[in-house]
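Worksheet for the structure shown next.
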Ligand SMILES: CC(C)(COP(=O)(O)OP(=O)(O)OC[C@H]1O[C@@H](n2cnc3c(N)ncnc32)[C@H](O)[C@@H]1O)[C@@H](O)C(=O)NCCC(=O)NCCS
Ligand SMILES: Nc1ncnc2c1ncn2[C@@H]1O[C@H](COP(=O)(O)OP(=O)(O)OP(=O)(O)O)[C@@H](O)[C@H]1O
């Protein structure tokens, strides 16, 4: 069977990408999550983690040698230069690893999903044939991200400021999933879109 077509699924922090991806997953769709891959490439023993420790010092590591993600999050979302440094280190590796994981074995659906907050901000979008945007108003995004991760509002706002503005993301969308509504309604929309994609209705 031919390689499945890659459909990108994006949205800002707290928009509901993981929630929507799980709904596709329940329908048998294979998906790869860039946030998970971004963790894999800085696991202990990786060149990525070694370079981060060289750059930021050993205090960026926890006692067990793993990355102190909260500390790095505070640094990079306060200092755009440090964020750019981290992105230029990690994004090429993340993209290569995404491309690798997007080729499942023994898979009989015509598409797979690439779930990423930075699909359109990076060259990850070149991996995808079509783009689904999970959309909520910014205030909903902030409230959900604060509640989920116990993040202070100003940190969530800084993360949103580092991402593509909502209107620009919507301009790039082939399909929009409005996630500012009850989950059972979102599930119905996902099922409908899945049927469309399953029928290769993407040209
Ligand atoms: C800064 C880090 C260590 C913070 O880790 P933490 O566990 O607190 O958050 P996590 O990785 O789960 O990301 C949470 C959300 O933050 C946002 N985010 C993460 N990195 C970025 C970035 N470089 N630019 C804009 N938003 C980002 C995304 O919406 C993401 O879903 C981590 O996000 C990171 O290594 N970022 C750089 C790699 C990257 O760009 N990852 C995004 C997917 S490609
Ligand atoms: N339709 C909805 N109604 C109410 N809560 C929702 C809805 N969709 C998602 N949520 C909740 O909002 C929070 C953010 O959702 P989710 O983790 O799926 O977002 P995300 O886009 O993957 O975020 P991130 O980019 O930060 O990883 C979660 O706590 C989730 O349970």
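Every residue, even glycine, has its Cβ placed from backbone N, Cα and C.
Just so you know, TrEMBL annotations are computer predictions that nobody has curated.
Lifted from TrEMBL, the feature list:
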BINDING   14, 15, 16, 17, 18, 19  ATP binding site
Give the three-state DSSP assignment (helix, strand or coil) for residue 16 (ATP binding site). coil
Which listed residue (18, 19) has most other Cβ within 10 Å, given these are binding-site residues: 18
With an 8 Å cut-off on Cβ-Cβ distance and a minimum sequence separation of at least 6, pull the same-chain contacts of residue 17 (ATP binding site), or say none. 9, 10, 11, 115, 116, 117, 134
Mind checking which of 14, 16 has the fewest other CB atoms within 10 A of its CB? They're the binding-site residues. 16
Residues near the ATP site, 14, 15, 16, 17, 18, 19 excluded, by Cβ within 8 Å of the Cβ center? 11, 20, 134, 144, 179
Long-range same-chain neighbours of residue 15 (ATP binding site), Cβ under 8 Å, sequence gap at least 6? 134, 135, 136, 141, 144, 179
